[in-house]
Amino acid sequence: MTSRFGKTYSRKGGNGSSKFDEVFSNKRTTLSTKWGETTFMAKLGQKRPNFKPDIQEIPKKPKVEEEDTGDPFGFDSDDESLPVSSKNLAQGKGSSYSESSEAAQLEEVTSVFEANSKCSHVVGEDSFASDRCLLVEDTLIGKEKSISRIPEDNANKSSCTKLLTSDKVENFSEEHEKNSHHFHKNAEDSTKKPNAETAVASEYKADETKETNDTWNSQSGKRTESPSESCPVKGSVRTGLYEWDNDFEDIRSEDCILSLDNESLLEMKDEDLKNRIGGLENLNETFEEDIIQSVLRPSNCRTYCRANKARSSQGASNFDKLMDGTSQSLAKANSESSKDGLNQAKKGSASCGTSFRGTVGRTRDYTVLHPSCLSVCNVTIQDTMERSMDEFTASTPADLGEAGRLRKKADIATSKTTTRFRPSNTKSKKDVKLEFFGFEDHDETGGDEGGSGSSNYKIKYFGFDDLSESEDDDDDDCQVERKKDKKRTKTAPSPSQQPPPESSDNSQDSQSSTNNAENLDFTEDLPGVPESVKKPISKQGDKSKENTRKIFSGPKRSPTKAVYNARHWNHPDSEELPGPPIAKPQRVTVRLSSKEPNQKDDGVFKAPAPPLKVIKTVTIPTQPYQEIVTALKCRKEDKELYTVVQHVKHFNDVVEFGENQEFTDDIEYLLSGLKSTQPLNTRCLSVISLATKCAMPSFRMHLRAHGMVAMVFKTLDDSQHHQNLSLCTAALMYILSRDRLNMDLDRASLDLMIRLLELEQDASSAKLLNEKDMNKIKEKIRRLCETVHNKHLDLENITTGHLAMETLLSLTSKRAGDWFKEELRLLGGLDHIVDKVKECVDHLSRDDEDEEKLVASLWGAERCLRVLESVTVHNPENQSYLIAYKDSQLIISSAKALQHCEDLIQQYNRAENSICVADSNPLPYQNVTNHVGKAVEDCMRAIIGVLLNLTNDNEWGSTKTGEQEGLIGTAMNCVLQVPKYLPQEQRFDIRVLGLGLLINLVEYSARNRHCLVNMQTSCSFDSSFSSGEGDHSLRLAGQVHAVQALVQLFLERERAAQLAESKTDELIKDAPTTQHDKSGEWQETSGEIQWVSTEKTDGAEEKQKKEEEDEELDLNKALQHAGKHMEDCIVASYTALLLGCLCQESPINVTTVREYLPEGDFSIMTEMLKKFLSFMNLTCAVGTTGQKSISRVIEYLEHC
């Protein structure tokens, strides 16, 4: 429904502006509309709940073409003439119309019957003539049939009217006569014992009411043909408001169809009814109005009944009974209806004045609703229909009494000026009309009876549904369902006989208990109620204001808590009929008056049982070899409200993001302090702070990852002009160089580093600065450098050049790339390094220098030479540059350093781990890392390494190096004599380096070959051990020819290699065979073969451990033996290569070498060289130039 339908009922004009005022003020049953003079029949419906479920399962029937299109109230047409169905009266308003006297009631009955004579076939089989002269359910059932038969069944109007009149008056007279004590004696005691009286009254006259209804239904004609489409809640729709509801129900189920053609019976009832009308003249006028508005329709229009009213007739009769003046209360009616075994609460709540949708306060015409979609209270209901009748009948409501009914009528008459959107203390005329037609949703009205049990209801205002014009089969369904419901109601226990509820907890379990609270509210408003029951009218106005706010403005504030029906919505009961499933079950909160006599606990709140959260679905495979898939799903409506946050990061991602953000903040802050615009002290402090951060490896990682190193040094490009800033910058570079990974330096950063190296620390520059400030900066840098690896750093001599040199050495040592080698040469870095080497060598030549300075000089020279070695390997440009730099300054310094080291290594002998000098004096330093011998050893290896690179495949380098005085002799000593002063594991290295240097010197230089051949040297220190006693004289002889010493070295190493090979072959031949595993045996058990381990004794375990240890020792010995064999082979190979190089282009040298060889055969040398070449090709240890040289020597020796 759209909001355009709200125009009819939201008029804000003055009193008397509506056509309905004629009905209220003049008490006339005719209404002048644009279709003409029509008889107005209003049926007080129950209050509709504020719930509107979707009706998706109910098929809508197409409209019958022959139906009368002249809708008297225009619910199917335009906005201006949208009529109000009088049957949609609010439950509370219907109950507020109570009979004041028997004469008034008789007059109302007479007027109702007169009006009904103008209406054609408005009543279904289950007529509610006895329930306020017409049950809403019957009119609803007969809706579609009667609509389609309006032009045809005019002849039946008078008969129907007579039947209704006679039936109703007869039943009413009997009810009034038999149960007058129930009608009037409870006027004052309704609040005390309403439930019991209601039960008595409703059981007393149920049969008679049903009989009259059946007669009326039979006269009206069968209208329902398709029971399958009718609503399954028919029987329960009926609520026992009247005392004769039980009799009415008994007769209805039996005589409904049988009396269809029984015209004689109709006539009898008509006559009897007329006779009884004369005896009921004293009935209240309210009863007449109620019957007129809710039962009868004008003669020129169809009956506006809800399509599902077949089961709702009892609910209508509840309200009729409340208005008839009978002492039955609304709660009793609801308990009667719940006896039917159906969801009476749904029907009761269906009459709530407003829908849950936007069309608040709207009522719908009965003619527009599908028969299966309507309830007693003119509200569309769509529910699971699986709740039992006991679900809503926990307690009985209290009886209003005659005084209460009089009070209700007075309230209606005085509160017609209020609109539904304007709450006030007194009801306006418009409010009365809205309440009269069921458009105001009041807590105190009877509509709240369905509040607790109508959580699954869907409310629609009648008059706007396309299902109203459905076929006749829908009415047939309703008829059959009503019959079953009547029987069920007849057999069901009446909850009205239960004691009144003690608190609002009882009202949560049933619909009738909620109606009980509503009836109590009615009683409060009645003018004739005693003071103990009566409440001020202002309280009623306040409740109306609160209810209006709740309906039209959202949740209202109430002194009491909301009351829910705690029963589950999806648990069917045995007596319930299946109904159309509900798409979205909802819960409607029911608010009770805080001043109810029976409500003791105002703060009790019972939440309903939670619905099934998980739905199990089983998918049957459609193809073979597929499995059945079972899934558990939860509907979105059943899930709790939660906020979905997309793209949530993982914990590790969040931590990483936080770290990155912290780094970004720090670096941005520190960079802002490094700018040249900042004061000098600020820049120095920022640099030291950044260096402190860089002491952490993680921060250095961030700097490299984000490329911030170059940016930092670019900002500090002018630091060389400030002594303190340059010192801080050098400290920052040093800290960054501590990382094992390459520091991403660009050309500008390297240039800055080299410029810092060039700074001279003279006194004049030092005086320019405050000495105190410099000391502070140095102290900070010293503490900072203590936290990092500072093996080679002199903490007592922290200068800019020293820090920059250490940085450069740490960067270029083993980690310098090709671009770095080139930039270092182009920017002048190599010059500074060569100068540093010269400086260190000069310190070595001083005799008075103490050992600490000696070690520092040795470490400085060694580190500079390591850098030069790394930048000259496989780089001819750098080699040539260094050879030519300052007339071979590097070669000269290296030669001097090598000679100093030869002298120092003899002084600080480290052979056999004996740390002693020649005079047997203990060394001043026992720490190996600071030992002089270790420093000398490392420095010797660095010097020979640089010379190897400068002389490799370079004749110029070889010549320049060979020209150095004593260099060839020193190299020969490194091969023959120096290894004896070194530890065993270091001898091989120094010997191979010496042999390699000699090979490079003599390979391309004839001068060097000549010098070496004519040189006198000592024999190898270990030649005597291999020669035995017979060669002892050679060792004592002292000096020998260099060629003879080299041939002797070759023969010794070659013999040692052959001996090692023979031992290895024996080890291979004597390898033990695999012994039988004695740890267990295979056994066959139970038809299976299993390995069963034998129990080991302690002795066996110890023996096994000993064997394992022996095997490990043997393996170590084998490895050592193999290593010794390899060393011997390599030394022999290098010696043979050196001898081969001496023999090139020199027949004299060939003859000299042949003399010292066994039998003068070079085959022993060529075989060793071939093995070495194969090994070199296998390991790719050297470049192609070395392999070519070996191949050339082999070829030459083979042709000798």
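A Cβ is built for glycine as well, from the same backbone N, Cα and C atoms used for every other residue.
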*Pick from T286, T560, T929, T1184: which one does Swiss-Prot list as phosphothreonine?*
T286
*Swiss-Prot annotation phosphoserine: which of S226, S558 has it?*
S226
*phosphoserine according to Swiss-Prot, picked from S220, S468, S496*: S468
*Would you please say which range out of 751-791, 792-832, 997-1037 has the annotation coiled coil in Swiss-Prot?*
751-791
*asked:* If I look at Swiss-Prot, which residue among S77, S317, S335 would I find recorded as phosphoserine?
replied: S77
*asked:* According to Swiss-Prot, one residue among S96, S470, S513, S1079 carries the annotation phosphoserine; which one is it?
replied: S470
*Of the residues in the compositional bias 'Polar residues' (1082-1094), how many are helix, strand and coil by DSSP?*
0 helix, 10 strand, 3 coil
*Would you report the average pLDDT that the model assigns to the region 'Mediates interaction with the cohesin complex' (1-668)?*
49
